[in-house]
Amino acid sequence: MTEQMKYIVKELNATIGRNYDLIKFDALNEKQLLQLLVDLLVNFNAGEKLDVNEDESETVSLSLLEMLGSVKYRPPAGVEPTRFRAQLLAGDARTIHHVLHWLLTNKEQVKNTAYLAKYLKLPDIPPDVIRNNTIQDLLDLYQNLIDEFKEVHKRTRILQKENASEIINDIKEMAVERDIVIKRLENVQVNLVDVSDKENLLNVSRALRVHQEKAKELENQYDAQQSQLKIASDQLKRYLNVIHGQSASPQTVNDVMKRLQEEIQLNGYLVKEKLPQESTHLQRELSIMQGIATEQHTTRSDLVAVQDKIAVVNSEMEQLVQRKLAMAGPQEDKLAPFRQQATVIRRNKEASATRAHELAATLKEHEATLADLQSQVKQLLGDTVLRGEELKKYVNSLRTKSTVYKRQRANLSTFKVEAGILARTIHIISTSDPTVEMALVNHKKLKIEDEESIEKQDKPGDLAKKSLHDLSQLLAQTAQKLSQVRQEIHSLSDRIKPVKEEFQTIQQQYEQKKRVYEATSINITSQMEPLKNQVKEFTDLLNSKEDEWKNLRQKITKAETLQEVVMFEMKNSMQSPRKPSKMEALKQKVSDMEQIVKRLEQEQQAISSRQGAVEEQTRLWENTLQLLKCKMRARNEPTTRQGRMHITQHSQMLTLT
């Protein structure tokens with residue numbers, strides 16, 4: 001407890017700028033502790049500032065509980081919520097210390113939760129106001145904005161974490177690249193010491209770099225134009241497929257004209273017949289709705305009158321139909337099937353028109369979704385999207401390059417292992433035999449001396465002293481060494497160039513694929529979060545529905561048992577040799593229990609009345625028992641004085657002499 005108090009005092013002084021110690025903090029009363037808790041919550045932006053001494057207790061309690069609810073504080077597990085609220089508002093020291101310790105140990109979480117609670121809190125609106133359509137629309141809009149805020153906040157948190165890690169990795173990579181560039185510059189400066197025409201070489205290299213950049217730009221332009229050409233060709237194919245009725249092979253001119261005429265007929269029917277009928281129907285419904293809106297509220301009598309009118313009109317219609325059928329001739333009977341066929345054709349025509357309209361709307365929706373997906377694919381993978389054989393070739397090339405990269409990496413790891421083993425063996429040999437280390441040092445010195453001797457031999461003074469034969473031998477040796485070194489360097493450079501090129505290409509491809517993978521992983525994680533939340537909500541809903549089903553099942557079983565009892569009672573009441581009913585049995589049990597209770601009360605009264613006599617008799621028996629014990633003890637003790645015992649029929653007397 002003392003450690004907790006120390007931690008609370010230290011964090012309070014650092015957070016809200018107080019100057020407490022353990023004695024001052026322990027001396028705070030209930031109001032001061034509540035004011036301290038309110039100040040800490042206000043510092044975390046969980047609510048507005050309050051004064052516990054001046055404001056009303058109800059407002060203080062409501063505001064304090066609302067602040068704790070906004071930071072998602074939960075009472076301890078073993079404490080009831082009502083008791084916790086009472087202790088908190090009464091200023092109980094232990095309760096407030098627990099709340100302060102939780103707030104100070106979770107400062108970042110509390111700040112974030114308080115920040116989110118400002119924008120995720122729904123306003124309290126009375127139920128009669130919520131029924132208004134405008135208020136309901138505003139609430140829906142507000143809920144949508146809250147959902148958007150949640151998504152944006154999650155994305156910003158993810159991007160903040162990723163940006164921090166990416167910046168650290170970029171700084172490390174830049175530091176490594178800086179060291180590599182410095183080493184390369186030093187090597188280049190060492191190699192350029194003996195070069196005479198540095199400026200010309202630099203100018204030529206600049207011009208070469210400019211030409212290479214221009215060539216690269218031209219290649220990029222060519223690739224972009226090729227991609228645009230491919231997109232245009234795909235669009236042209238798509239338009240041709242649309243013109244030729246979604247078929248792969250183009251049709252004849254007559255087929256195309258026939259299909260276009262059918263579309264024109266369909267559109268003409270929709271414009272001339274279908275849409276005017278729908279508009280008139282909608283206008284009729286609108287007029288009916290306006291008439292209903294302008295009329296007064298209908299009563300029960302109005303409804304009854306309208307129903308009577310409807311019944312009268314229906315009866316008149318039936319009479320007219322019967323009269324028409326009676327007056328109809330045989331010619332009209334012959335035309336009845338044709339009328340039925342015409343009505344069927346008209347209905348089929350209307351159904352096909354509505355179906356075509358729905359299919360056109362779904363086609364537009366699918367085209368819009370396809371365009372969105374294509375734009376997303378372009379954002380993720382670039383303008384060019386490989387398909388078919390090109391994708392297979394690209395995958396095969398990536399596989400071959402990955403195998404080459406793995407092989408080279410394995411070779412590099414084996415070389416590193418061999419170098420480590422050799423260094424370890426040299427160290428072991430040198431520690432066991434120090435002469436080996438001396439031999440290695442001498443070997444290095446001999447190499448250095450040979451190089452120095454070659455340099456000295458190149459001097460003109462030494463060359464003048466030597467003979468022509470010695471000089472020729474020396475030149476032959478140097479030429480042979482130079483040719484050997486050049487051959488070794490040439491072979492190494494030939495080996496290194498393709499490896500460097502492959503490494504650069506593989507590195508570029510790796511970076512590109514890494515970016516694509518990171519983008520797709522971010523997209524997938526952002527899409528998975530709402531799905532996880534939906535699954536969690538559905539599982540909670542399922543659990544709640546299962547609990548409700550269990551409760552309802554228990555209620556049903558209880559009701560069934562009660563129903564069985566009621567049915568039994570009803571059957572029993574209808575029978576002539578009637579058995580005692582449940583109510584009568586229960587009344588009989590109640591009367592029996594009442595008689596038992598009365599008998600027990602009488603016994604209790606008798607015992608209480610006899611209690612004084614029993615206690616007196618018990619006391620007399622205890623005194624008698626004490627006298628007998630004293631007599632037995634006196635009889636068993638040794639007789640120090642002489643006396644005579646007189647025993648009569650009713651008493652005993654001891655006379656000492």
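Keep in mind that glycine also has a Cβ here, set from the backbone N, Cα and C atoms.
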Give the range, chosen from 48-75, 468-495, 496-523, that TrEMBL lists as coiled coil.
468-495
According to TrEMBL, coiled coil applies to one of these ranges: 104-131, 132-159, 160-187, 356-383. Which one is it?
356-383
Could you tell me which of the ranges 201-235, 236-270, 621-655 is annotated in TrEMBL as coiled coil?
201-235
Could you pull the average pLDDT for the coiled coil (468-495)?
67
Under DSSP, the domain 'IFT81 calponin homology' (3-120) has how many residues in helix, strand and coil?
84 helix, 0 strand, 34 coil
